[in-house]
Amino acid sequence: MKSMVKKTLIGMGVSAALMGASLAQAEIKIALAGPVSGPVAQYGDMQFIGAEMAIEQINKNGGVNGEKLVGVKYDDACDPKQAVAVANKIVNDGISYVVGHLCSSSTQPASDIYEDEGIVMVTAASTNPDITLQGYELIFRTIGLDSLQGPVAGRFVAESIKPKRMAVIHDKQQYGEGIATAVKSTVEEAGVDVVMFEGITAGDKDFSALVAKLKRNNVDFVYYGGYHPELGLILRQSAELGLDVKFMGPEGVGNKDISAIAGEASEGLLVTLPPSFELDPKNKGLVSAFEKKGQDPSGPFVMPAYAAVQVMADSMNATGSNDPYEVAEHMHKASFSTPIGDVKFDEKGDLTSFNFVVYNWHADGTKSPAK
Amino acid sequence: MSESIFYFLQQIANGLTIGSTYALIAIGYTMVYGIIGMINFAHGEVYMIGTYVAFIALAGLSMLGIDNPFLLIAMALAVSILVASAYGFSIERVAYRPLRGSKRLIALISAIGMSIFLQNYIRLAQGSRDIAMPSMIQGGFLFGDPSGSHIMISYMQVIIMVTTVLCMIGLTLFITRSRMGRACRACAQDIGMTNLLGINSNNVIAVTFVIGAALAAVAGMLLGLYYGVVNPYIGFIAGLKAFTAAVLGGIGSIPGAMLGGLILGISESLTAGYLTAEYKDVVAFSLLVLILLFMPQGILGKPEVEKI
């Protein structure tokens, strides 16, 4: 009984606060949820600058239904527990639109909360297929899936590298293990011999035993599913311990920091990334807008984050409504022209098509198309 | 020699490298415990601070135009030891000395608080991202056939092992031969009695903290150079591993900490090499449980010590 009274009181308080908010300011808040701190904060930056640029440009063109968009940053540190806390905070703050989260393991628990609370969420970076498998109506993504990325990487390995003894290593996390499994099954179908399939502990620093094991198994090619802090150290220790083989990783390793950690050892690393949208001639104006602000538009999640904000804003304009359910319904039906190309969502909220491209990574932190 | 022996020796070398650094950090835990019977949980953070200071010193000194890598490393090591020792001294002064004589649990909570404080202070001051440094010393010794079975020990691994051995010899000489060392041993036996005999036990305790911090800084510098990355969170897991090493070897015993560190490092390396890297922590900590079940005092610990 007591708790019911409490709940009612809280409910009244929240709705009063909401009413106050909607009366006081003519603006639509968009929560930008991702890692501001922690080891993968670089990727968070990509998402934030993309989304903020979209908000800025949409506001310049008159905003949404006559109202201004406002981006509010939330830090989940790529930690699933903190992501849930952030999601609850977003609910309490009365925000109905979210761009985020970044890490699949954060997006997964947070998306449950958004769906239940009637909040539209578009992730520009989480690629784990499970996220959209729950049959949600309010959850979308403007990036491809591991189940697409894995086969792209796997086919490239089988057709262009043709390794005789391949190793697949992963960090046991939802993202890394998911993509590593997809790569393994693709290359095995093509007849490549995977002699090692092993997990490491994310956050670990010493991989000398793993490197010795790779050498002993006469591995001639290594695929790593995970993020750059661990792969950077593996590359560095491989170079020091005389393991001279080619490595490949997903977009989670494609970041300038891997060159800072691994130095020369990062030269020639293969990475599957979303295509370089910033090289598309249609995006010239947008790229110069980023450069004017001193920002780098080439990160893999910058343009997808821009597109995430844009599809929400376009749908609000098209429906003339700020109701999340109406907006989501429109997003499922319509097609949008964005910096990442023409975007159309399927019934799960995934893009109907998205290409990953294989790049050669260079020691100075740049990349060039492979082959 | 056959290929499998080379592989075994390679894993032992890798294990000895990482084990040496565990041993260096473990000394700090075991000496403090030996004298005041308390676990200094902030010790892992001192190691982390040592790494940061070394990185900053290396960057600063190379900007000043020093380009000889060995000179650079020696100078950075000195700076790192100095700063970390100052931290060790102040931590004892601020967080533990005022609580001397109160219940042990209170000092323990103070240690945990200190650890959280230091970690977050560094996070705010230096940012929470990984800071990377290019490797300064490349290459290594190769034994055997370069294209066939061989052992590769990098110069950095050799430096880590040699430095650790030198530190251990120095520490043993200090403890067994010097006046201060004798005072340390006396305090470990009976702190009340040493006070009565005119030894200022506060000074001895401060020296213990400074030595522990200095060795942690050496480990921090070495591992920083070896891995090339640092972030504010490395102190927690390194501290936990070193604490395990200290308990494994018998907490309170200095040779025990050295032995415990090496055993832990080798068991991790062999697990990663022969089973799977996923289970290396599982095996290392199971080993701890087993040893404590059958030898509660640790491998080289003295049974009569009961200060918990």
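Backbone N, Cα and C define each Cβ position, glycine as well.
Source: prediction; values computed, not measured.
Listed features, source TrEMBL:
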- B:20-39: transmembrane segment (TRANSMEM)
- B:46-64: transmembrane segment (TRANSMEM)
- B:70-89: transmembrane segment (TRANSMEM)
- B:105-122: transmembrane segment (TRANSMEM)
- B:152-175: transmembrane segment (TRANSMEM)
- B:204-227: transmembrane segment (TRANSMEM)
- B:282-300: transmembrane segment (TRANSMEM)
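With pairs at least 6 apart in sequence, the transmembrane segment (B:70-89) and the transmembrane segment (B:204-227) have 3 or more Cβ pairs within the 8 Å limit; the two touch.
Sequence-distant contacts of the transmembrane segment (B:152-175), counting only residues of its own chain at least 6 positions beyond either end whose CB sits under 8 Å from a CB of the stretch, comprise 10, 13-14, 16-17, 20-21, 23-24, 27, 135, 137-143, 181, 184-185, 211, 215, 218, 222-223, 225-226, 254, 258. Note on the transmembrane segment (B:105-122): residues 38-42, 44-46, 48-49, 52, 87, 91, 94-96, 99, 232-233, 235-236, 239 of its chain, located 6 or more positions outside it, place their CB under 8 angstroms from a CB of the stretch.
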